[in-house]
Amino acid sequence: MNPQVMRWIRAGLIGAALLGSLAVLYLEKPILGLDLRGGVMLLLQADPVEFSKLSPADQAKAIDQIVQTVRFRVNATGLAETTVTQAGADRVWVEIPCPAPPEPCTEPQQVRDLIERRGFLEFKKVLKQGIGASDEVTPSNTTEEVVYDRVGTPYLVPTEPLLTGAAISSARTQPALQGGPYVVILTFTDEGAKHFAQVLTDGTLKGGDLLAIILDGRVESSPRITGPEEQGSIITAARQGWRSIQDGTQISGQPTLDEANNLSIVLRSGNLPVPIQAIFQDEIGPSLGQDSINKGLFATVLAGALVLLFMLFYYRLCGGIANLTLFLNLLMLVAAMMLLNATWTLPGIAGLILTIGMGVDSNVLIFERVREELRSGKTVRAAIDFGYERALLTIIDSHVTTLITALILFTFGTGPIKGFATVLSMGLVINLFTALSGTRLAFEIIKQREPRRLSI
């Protein structure tokens, strides 16, 4: 291709990259990770015993369902910019950043209470109810079991439920009348409402019976079934058709709005296929995050300044050219991170500093090759052409091998490691572009003037 055309192509690419980067920096805002912003980190693990009973295919489906369920529960609380990702065969990584001030950070225990609930819902007829927590209720055979409410009152119920959570299509929170505890209103699916209507009309549930609503083995509520002789009877409504009872069953007795909201979220999200528990928990305060930002910025500026001074001192004019391309490199990298909504973390800043080193390394390889050619007696024009030609394969090889390592870290790493790998991968690609386009364009302009000496 005509050298003049190639120069215009390189100039167009550099100009477009510069203008595009400036536009992104103006329009977008950086997303800060937990180590810079503060927040809660949890590493969840599926119950080893229950998980090992599943086939490999079912294990993959189970962990995917856990990720989706946990993500739904966290997002349903209104927490913004949360991250829920799979971390290995049986683990899930959760990151919940602190909201913008003056809103307080989320309490870790509050998050765990919401996430770790399995959400297994059952409706069972109460065969016998204890008077209080001190009362004893004993099953008479293997088809019965004892469950307890939040204060320890025992309930004797059948082992087989009348309905499960699969019969519920939605749940919503509503204040109780006369300022009492909050309630959660349940809406049945069509099939669930039909089955509930059947057990109300065939005598399985009669007027005066208690219906235990059990979540994860604990009785959340035990409403009484109203008989045909009472006003607003649910049995009378069921006899009029299953749609009459589809929306209106409630779980009462939730003492706070947060507990009622969490319960409705758990019910809407569905049950977890296997129990999960947090095996790692960490909390970073927003003040510590700001301190990390300050130290990270200081390290980046210090590293950049030292590199710029070294390049100017050792390579003179060519070092100044390298510094300009390094500036373009950093500008493009920050813009690319913001454009892709990638998260900045402390390891990510470390990747940024490493990218500065990689960018300088590419220019050093080119400059040293050009110096060798000049020492051998070649003209400036020939030295530049041969220097680039001989350095090209080495630059590509070093970038590709490092990029492969970064991709491996991104694939198998979690949390901060992914942040480091993301910045490093983008930086390597942009480094290659600026080294082969930015500095090359500057040297092409120098070649046009046909100088006798090169400041390198």
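Count begins at 1; order follows the chain as displayed.
Yeah, the Cβs are placed from backbone N, Cα and C, and that goes for glycine too.
Secondary structure of the domain 'Protein translocase subunit SecDF P1' (63-126) per DSSP, as helix, strand and coil residue counts: 22 helix, 16 strand, 26 coil. Per TrEMBL, domain 'Protein translocase subunit SecDF P1' is recorded for 63-126.
The feature domain 'SecDF P1 head subdomain' is assigned by TrEMBL to 145-274.
Taken from TrEMBL, the feature domain 'Protein export membrane protein SecD/SecF C-terminal' applies to 278-434.
Per TrEMBL, transmembrane segment is recorded for 296-314 (among others).
Per TrEMBL, the feature transmembrane segment maps to 321-340 (among others).
The transmembrane segment feature in TrEMBL is assigned to 346-370 (among others). Below 8 angstroms of C-beta separation, residues 33, 35-36, 292, 296-297, 299-300, 303-304, 307, 311, 315, 318-319, 322, 325-326, 329-330, 333, 337, 383-384, 386-388, 390-391, 394-395, 398-399, 402, 416-417, 419-424, 427-428, 430-432, 434-435, 439, 454, 456 of the same chain, each at least six residues beyond the ends of the transmembrane segment (346-370), sit close to that stretch.
The transmembrane segment annotation in TrEMBL covers 391-413 (among others).
Sequence annotations record features per position, and here TrEMBL assigns transmembrane segment to 419-443 (among others). Packing against the transmembrane segment (419-443) from elsewhere in the chain are residues 7, 10-11, 13-14, 17, 33, 321-322, 324-326, 328-329, 332-333, 336-337, 342-352, 354-355, 358-359, 362-363, 366, 384, 388, 392, 395-396, 399, 402-403, 406-407, 409-410, 413: each is 6 or more residues past its ends and has a CB under 8 Å from a CB in it.
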### Message
Quick test of the contact rule: Cβ under 8 Å, at least six residues beyond the ends. What residues does that give for the transmembrane segment (296-314)?
### Response
36, 320, 322-323, 326, 330, 346, 349, 352-353, 356-357, 360, 363
### Query
Averaged over the domain 'SecDF P1 head subdomain' (145-274), what pLDDT does the prediction give?
80
